[in-house]
Amino acid sequence: MANSERTFIAIKPDGVQRSLVGEIIKRFEQKGFRLIAMKLIQASEDLLKEHYIDLKDRPFFAGLVKYMQSGPVVAMVWEGLNVVKTGRVMLGETNPADSKPGTIRGDFCIQVGRNIIHGSDSVESAEKEIGLWFQPEELVDYKSCAQNWIYE
């Protein structure tokens, strides 16, 4: 498919503990995106510090890393047309109070510190994040039988 891209989506410990994994996957599948990698992982401090390196000087950095280590994370790679931009719209605003109903955060979150999900904010960030969380052989390339019903 032309112009296809990949994004990294992570369901944070609060989303896993609240049993929202299936609902979140369902939304991405129903939109028409293709899941090409997924794993349940207890993220290490080193992985999280590298993932959030852009936030290292922020006052909440240490708490964020500690929180992300507090439970399992579901790491995923999704593929599709404009999946980075569309995925971010589906997630809603970082602060759930600013998120519209119908978005993941608008429907399931109250506080910014428990916003249940992370999504890459650019194609470049997605490539970096996918490389941090997955080995190349963990990405499964296949043709979905629904692809012709989703894309022209």
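Positions of Cβ are set from backbone N, Cα and C atoms, glycine also.
In the record from Swiss-Prot, residues K12, F60, T94, R105, N115 bind ATP; the candidate from R6, R88 listed for the same site is R88. When the CA atoms are compared, no modified residues among the candidates S120, S122, S125 lie within 10 A of R105 (ATP binding site). Looking only at Cα atoms, S120 (phosphoserine) sits nearest to R88 among the recorded positions K12, F60, R88, T94, K100. Here N115 (ATP binding site) is compared against the recorded positions K100, S122, S125, and the shortest C-alpha distance is to K100. For the ATP site, whose annotated binding residues are K12, F60, R88, T94, R105, N115, the maximal Cα to Cα separation is 22 Å.
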